[in-house]
């Protein structure tokens, strides 16, 4: 069952729920697990919030009659969020807050609701009843790099990047390592647009890169504008976050897509059987939290097979995208053969690997 | 830089400058009549949303363009009612219009987020588009860019070489005198406000139908505000609006192109170029205070009571 909540409806629902609880007493306690979601954007048909909502629906489908979910969309990351989280906490057993900016509000509200389980996406602060979770997007990025290595003719790949923060640098590096594992001559040109979302600017960045010889465009921004630009200019592109095939049916090769459904189902199950703990989950392909968008038929079969092979070795743990030897831009080996970067090192990337052109803005 | 690169930069410059040119021309006419409408961003967003929505639903891009213009005019009508009929504070009414437009477009457009639309195709004019350097920039664009050229010419002719242009300026400079010679200040200002709305709506539709054929919240990303600065930058002159729009376009392109060329300048610094350019020009202009005063329409932003 789904309730679409506006703040007013939320208030009404909360009130009626309290009333029902008062009337029927403890009999209600054994009822369905109530799970609330706080979204930063509108659900729409693509992007970050859309994928969270897909996850919510998948959990509902998987757990059938055992859960009941509701969500509040377009909650800005300021003071509003604390109010919304508080209201959800009053009538729910498990609350997912799905944006980085909800970190402190979630922790604050959680203090007053010790019996409610909270899960905060992409944050780093935890508490007794606040767990965190995120996805290892870089695993998917590595695989797109391998595909790019085979598909490029000009050996120049353009990368439209949002802000020079570790999360984005991590993606550039993983992509470049994948790219050069099959094509050591290929290089990555990065253009920083200094915004997560400005379709016009993202498009101009993609076109500037294409004009400078890039025949594949990758992106770490949120709009499908770079894919559109690639489609129009007759080059290839990788989407991000959600499947962007519709915006460039010919250009869109595949993309690293985030998938929360399995994780949401597991978490709800854990709360139901009492085994839930407030820990951190950073899952990748193996945890089914990162998936690949459908492969374009332009990718040769052998390449798809190779990529699927690497994917399998990431899943069984025999391969890690950030395992040595990894060289920096000056050609110096930073991660020696036989060692793998730790999660802490991956999460604090502030240097480019060999094969990325230009300097990382400081 | 090789010649192809410069050709491409000029091409991108015109395209990036076009939405700014359209809104700024509309705002210029509006301000010439003495009305300051800060609602450009809101009208643009509504135009972008309506344009995309109608084009997506009907499958006809031109219906979308018409819808964008129409919705922009509706929005400006609302502003006109507040600012002209009720004599509300123009700055406050304009700001309210922007906030209202941003919220309403996000609400009404939520069903269109992430929907694909094949955008407007370029009309490549044979022979002329092969001219070196400028051929591609001027003759291989989409139809709305050509429309912006035509609108620029029309606004230029009307303001500097026509009787309606004189009336417009008279109303903006001295509404009292205009009334004295039998002109209807209200009618002229309403027409100017409506024109401003139509242009903002068109600029929005350009973004969502031609430039990046998609709809999403706040997709104008502050271009309405840049256009307001542009009118001051142009010191209320039509020709300079064109120059300024393309200069802004070029500045925001250069920041991306230079990175691609591997020029190691801070990208954050480069991203501020368009704004630095504005400040620079404002400083240069205001070095002579009298000049600014001379160029701004004298009654700009002041409500007018006919009974005076």
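Each Cβ is built from the backbone N, Cα and C atoms, and glycine gets one as well.
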> transmembrane segment per TrEMBL sits at which of B:143-160, B:161-178, B:287-304?
Replying inline: B:143-160
> Residues of the same chain, at least six outside the transmembrane segment (B:91-113), with any C-beta under 8 angstroms of its C-beta?
Replying inline: 36-46, 48-49, 52-53, 56, 75, 78-79, 82-83, 215-218, 224, 301
>> Under 8 Å for C-beta pairs, could you tell me which stretch among B:6-26, B:62-84, B:221-238, B:245-263 has the largest tally with the transmembrane segment (B:143-160)?
In response: B:6-26
> What parts of the chain pack near the transmembrane segment (B:221-238), using Cβ distances under 8 Å and only residues at least 6 beyond its ends?
Replying inline: 19-20, 23-25, 27-28, 31-32, 38, 40-45, 98, 152, 155-156, 159-160, 200, 203, 207, 244-245, 248, 274, 278, 281-282, 285, 291-292, 295-297
> Have the transmembrane segment (B:245-263) and the transmembrane segment (B:62-84) got at least three CB pairs under 8 Å, pairs 6 or more apart in sequence?
Replying inline: no
> Cβ under 8 Å to the transmembrane segment (B:62-84), counting only same-chain residues 6 or more beyond its ends: which ones?
Replying inline: 35, 37, 39, 42-44, 46-56, 90, 93-94, 96-97, 100-101, 144, 186, 189-190, 193-194, 196-202, 204-205, 208-209, 303
